[in-house]
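Trainee: For reference, the structure I am asking about is given below.
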Amino acid sequence: MSEISPRSLRSSFFARLMSSPAVIASGAFVAIISLFPFVFTDTTHLRPVFDLAVYRGAIVHWLETGDIYSWTLPPEHYYGFTYPPFAIFLFLPMALFDSSRTLNVVFLGVNSLALVATLVMVFRSFRFPRNLSLGLSLWLFPLTLLTFPVQGNMWMGQINLIILFLILVDALLLTGTRFSGILSAIAASIKMTPALFILFFIARKDWRAVARFILTGVVGIVISFIFAPQVSWEFFTRRIFESNRVGSIVEPLSFNILGETSRLFFEPVNSILFAVLAIALLWVGFHSTRLLIQQNERLLAACTVGFLMLMVSPISWNHHWVWAIPAILGCALYGWHKEDSAYMFLAVSGTVLFCQRFQSWFSGHGWDIGYWPLWTVALHILPALWTTAFITLPWFRQRRARRRTAVPQNQLSQSP
């Protein structure tokens, strides 16, 4: 991983200040205060949280009836439980709470700890001292609440920050150990999209981690069939193919290749374009991941695969895009250390971009597949374009370097 002169970091006044117990304690206090809008309503009552209400209601219904996928949240009776059956066992403690309001207090705490720990891992991956990493992360935490991915998780009670934490622990801390691949597989057992993170271990040629990843996933499925056979059979034979249960591919809250192509084109053009672009991005992204791993930049490599998961998924909601947080911070630290203007530009532009409220710009219009005005797609596609630049940058740089080295060789071969 990149190293930013730990000795100079320890000796600078700013580093000593941010590492001090007083600054760390005050940072924790400010972080807690910044969560108040996500806990209380304007009348200082505990705030109801939609997705937590879905999780909790589905778990309670399963405990009472043994059925979970036919349950929907009243009074609309439209939104139901969409996760694999293995997630049921991890969500069981939610049944202990009387409502999503009280559950939200605990869940916000867990999400916040996961986010702070993720920020600490990013700083530590660049060899920042432990106390300095903690101090910076605590003071950076309130700023991350301005980004739409983190806001989406906090407002809705989503688990993507926990998923992100599990995967980054696997990629940054457990790489090369006997546990590598296990946490990512557990994340994939909770939400299926992280299954694509196996590409990270394939790019590393860590075949033992690949085997552990697959074996852990199989064990998760077996456990599901042992303790919840009915819902497991229902999910893997029917529900897994019902993508419409998750939502429309042209919802303003979704950002990915299929969504953007479907906003402009009708079937089957949008699906064909999606397939071509997804395969191309996967190919380039895999090579970028290998290049970053060869440079020992595991954080940027992990974020590359994380973004690939979002871009090729049929639906990637705004709260799924928490990968932007470690990616932007990683770009800033890498760009600062290497004096790399391209990564510094990605850090600055990504910060501005992911602080925008895209969902509020386009929500309420109800445009269907192929009916979005061109100017709206040009704005809505910006997060996907930024992500594409992040994914493809290492690959493009390698191609440019090869061309530069090829030109002198051709000139030498043509000289008399």
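If you go along the chain as it appears here, the first residue is 1 and each next one adds 1.
Here the Cβ of each residue, glycine as well, is placed from N, Cα and C on the backbone.
Per TrEMBL, the feature transmembrane segment maps to 21-40, 78-97, 104-126, 132-150, 157-176, 182-202, 209-228, 268-286, 298-315, 321-336, 343-362, 374-396.
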Trainee: Count the Cβ pairs between the transmembrane segment (321-336) and the transmembrane segment (132-150) that lie under 8 angstroms and are 6 or more residues apart in sequence, then report whether there are at least 3.
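Mentor: Counting Cβ pairs under 8 Å, at least 3, so yes.
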Trainee: Within the same chain, where does the transmembrane segment (21-40) have neighbours whose Cβ lies under 8 angstroms from its own Cβ atoms, ignoring anything closer than 6 residues to its ends? I mean 6 or more beyond.
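Mentor: Distant contacts of the transmembrane segment (21-40): 46-47, 104-105, 108, 112, 116, 131, 134-135, 138-139, 141-142, 145, 154-155.
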Trainee: With a Cβ cut-off under 8 Å, give me the same-chain residues at least six positions beyond the ends of the transmembrane segment (374-396) that come close to it.
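Mentor: For the transmembrane segment (374-396), the nonlocal Cβ contacts are 252, 255-257, 260, 263-264, 281, 284-285, 287-288, 291-292, 300, 303-304, 307-308, 310-311, 321, 324, 327, 331, 342-343, 346, 349-350, 353-354, 358, 361-362, 367.
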Trainee: Which of 104-126, 132-150, 157-176, 182-202, 268-286 shares the most C-beta pairs under 8 angstroms with the transmembrane segment (298-315)?
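Mentor: It is 182-202, which has the most Cβ pairs under 8 Å.
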Trainee: Honestly, do the transmembrane segment (104-126) and the transmembrane segment (209-228) touch, with at least three Cβ pairs under 8 Å and pairs 6 or more apart in sequence?
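Mentor: They are not in contact.
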Trainee: Given the cut-off of 8 Å on Cβ pairs that are 6 or more apart in sequence, determine whether the transmembrane segment (78-97) and the transmembrane segment (182-202) share at least 3 such pairs.
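Mentor: Counting Cβ pairs under 8 Å (6 or more apart in sequence), the transmembrane segment (78-97) reaches the transmembrane segment (182-202), since there are 3 or more.
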Trainee: Check the transmembrane segment (209-228) against each of 132-150, 182-202, 268-286 and return whichever range has the most CB pairs under 8 Å.
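Mentor: Comparing 132-150, 182-202, 268-286 against the transmembrane segment (209-228), the winner is 182-202.
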Trainee: Short question: which residues 6 or more past the ends of the transmembrane segment (182-202) have a Cβ under 8 Å from it?
Mentor: 83-84, 86-87, 90, 159-160, 163, 166-167, 169-171, 174, 209-210, 212-217, 220-221, 240, 282, 285-286, 289, 301-302, 305-306, 308-310, 312-313, 316, 320
